[in-house]
Structure formats: C-alpha cells, structure tokens
Amino acid sequence: MGAMKSMQMGVIGALFLSVASSVSIVICNKALMTNLGFPFATTLTSWHLMVTYCTLHVAYKLNFFENKPIDTKTVVLFGLLNGISIGLLNLSLGFNSIGFYQMTKLAIIPFTVLLETLFLNKKFSRKIKFSLFLLLVGVGIASITDLQLNFVGSVLSLLAIATTCVGQILTNTIQKRLNVTSTQLLYQSAPFQAAILFVSGPFVDKYLTRLNVFSFHYSPIVVGFITLSCLIAVSVNFSTFLVIGKTSPVTYQVLGHLKTCLVLAFGYTLLHDPFTPRNIAGILIAVLGMLLYSYFCSVASKSKQSSSESAFIGKDRDTTPLLSQEKENHEAKKLDKHSPV
C-alpha cells in the first residue's frame, strides 16, 4: 500500500509540474513573440533542447542520476523522430489557419488510441472513449474559430499527427521495455532532437516568417526572455517524458488540453484577451470530459489492481495445500521404507 501511495504521489507531482511549467512557458513565449516580436519558434525550441541537455549533463556529473546505456540506433531514431514532429507541427501552423492547427492537435488523441489499439492491443472502455469525446468537443468549441483547408497544409498536419503519436507512444514504450527512467531517456535523446532542429530551424523559421534569425536585433530584454524560456523548457521537457512514462500518451494529451484551457483562462485574466460565452462553455465541457476521464481511469486502475491481488491470493491458496500434501506423502514413503516388514 505504501508503494502504491508513493507511486500515486509521484504521478500527481509529475502532472502538476507539467501543467505549471507548460502554462508558464506559453505565457513567457507569448510575451516574447507577440510583445517583443521574436517569431522564430523552431530555432527557439532547438535552444530549449540544448539547454535541457546541458542541464542534465551537469546533473549527471554531479551524480543526481545514473546514465543507463541505450542502443544507439534506437536513441538516434527516437531523437530524430521527435525533432521532426516538432518541426512539422510548426510548419503545420505556418501553412494552416489557427483553427485547423487546433484541429490537428485534437486529432492526436483519437489517432493515438487507434495506434495503441491496433499495434499494442491496448483496450479503451466505452466510458473512457466517451470522456475523451467530451474533452475534444469542449476544447474544439473553446479554441477553434476558423477552418481553412489547403492541400500542403493538410499533408503537413497528417505527418505531424503521425510523428507526434508514434514519438509519444515510443516515449512510453522505451521507458517500460528497456527499464530506463524519463531522465535517462531525455538525456540521451535530447542532443539528436536539438541537432535536427538547430540545423533546420533557421530555414523553417525564415520560410514561415520571411525573417532571418541571425539578423534579428537581440536587445537585453529579448535575451532575458529567451533565457527565461530556455530555463522553463528544462522543466517542460523533463515533465513531458516523466508524465508519458508514468501514465500514457493519451493521458499526456488530455493533460495538454487542460493546459490549453488554462492558457485561455490566463490569457483572459492576465493579458485581457477576448473571451466569449462560447469559450466559457467549451472550457466547462472540456473540464467535465477531463474529470470523467480521470474518474474512469481511476476506477479501471483500482479494478485491475484488486483483480490481480485476488488472483495472487487464489494462487497462494491453491499452491499451499499441494506443497503440504507432497511433503506428507514424502514422509509417509520414508516411514514405509524404514519400517520392519
């Protein structure tokens, strides 16, 4: 029971860290990009990953965690896949309307459920599917304002959905099958994610913004916000791997939509963004979906735990008399062998 309680506290801590750091970085990046005019999202992400790797390397040198070797091919492909998915999401935003981009992000949950059902034989109950449907409807109502389709944007969105889903499923699968921690996996994969974004980032950003990241005027306040964004990103990247490893890719996506609702609420409260009854209704439906998802997952987890415990007790009851009986038979044979005829 103590171990179970400790595990639950670890999951709650990881979820809280993920929400707090993600909302913080969105507010920081919004100030950096909207108010200070720094539009280079892909290049900024590569800097985030570089700072994350450097921070983890210092932590490793100070013996905060042990490095567990992972197959080089696995790490390289995993890192490149995650880097490509980030680049594709940014390109999708550049080629599509904001509404269609939000639809792309919403599509990640059902696509993840489909992949895990087909390839990992994972079962999702009707109640969990219903709660996910409510969540997606709520976030859609709250955040989608316009839908403009084009062929290139649609292809980029499909590729972004596929790479993001596969990357997040692998994040969970690698940690569990290779028995590595989120820190160990992030430490080994971050350099490859950073490398592909560092090389491609300036080209992607120039194509999307028509501006050159190297000719931008870096004032002290811009540098300060970039530094703050990179420091918060360490917590974001760490908590992302931690949450996916401790829960599942679907739960991480549900958490991501909670962040969307919180960002909308903070935008209205702190930045005085426009807020309509439609936004409020969408957020309330999404929160209801999240609460139902959490409840149904909790019930399923307890049911699974109790069934495994009862199976263990049943097994214990079955095996103990058998062992006793074998021992009695053995003693009887010994007595027969040594008794006089």
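Note that Cβ sites are derived from N, Cα and C of the backbone, with glycine treated the same way.
What TrEMBL lists as compositional bias 'Basic and acidic residues' is 314-341.
Summarising the annotation, TrEMBL assigns domain 'Sugar phosphate transporter' to 21-294.
Residues annotated as region 'Disordered' in TrEMBL: 304-341.
Within the chain carrying the transmembrane segment (44-62), a Cβ under 8 angstroms from the stretch's Cβ atoms is held by residues 29, 32, 38, 83, 86, 90, 183, 186-187, 190-191, 193-194, 197-198, 201, 226, 229-231, 233-234, 236-238, all 6 or more beyond its ends. Per TrEMBL, transmembrane segment is recorded for 44-62 (among others).
For 74-93 (among others), the entry in TrEMBL reads transmembrane segment.
The feature transmembrane segment is assigned by TrEMBL to 132-149 (among others).
Annotation comment: TrEMBL describes 155-173 (among others) as transmembrane segment.
Annotated transmembrane segment per TrEMBL: 185-204 (among others), in sequence order.
Marked as transmembrane segment by TrEMBL: 216-238 (among others).
Within its own chain, the transmembrane segment (250-268) is flanked in space by residues 15, 18-19, 22-23, 26-27, 30, 105-106, 108-109, 112-113, 116, 124, 132, 135-136, 138-139, 142-143, 168, 240, 243-244, 274-275, 279, 283, 286-287, 290, 293, 297, which lie at least six positions past its ends and keep a Cβ under 8 Å from the stretch. Annotation comment: TrEMBL describes 250-268 (among others) as transmembrane segment.
The transmembrane segment annotation in TrEMBL covers 280-300 (among others).
A contact between the transmembrane segment (74-93) and the transmembrane segment (280-300) is absent, since fewer than 3 of their C-beta pairs, 6 or more residues apart, lie under 8 Å.
Confidence over the domain 'Sugar phosphate transporter' (21-294), given as mean pLDDT on the 0 to 100 scale, stands at 90.
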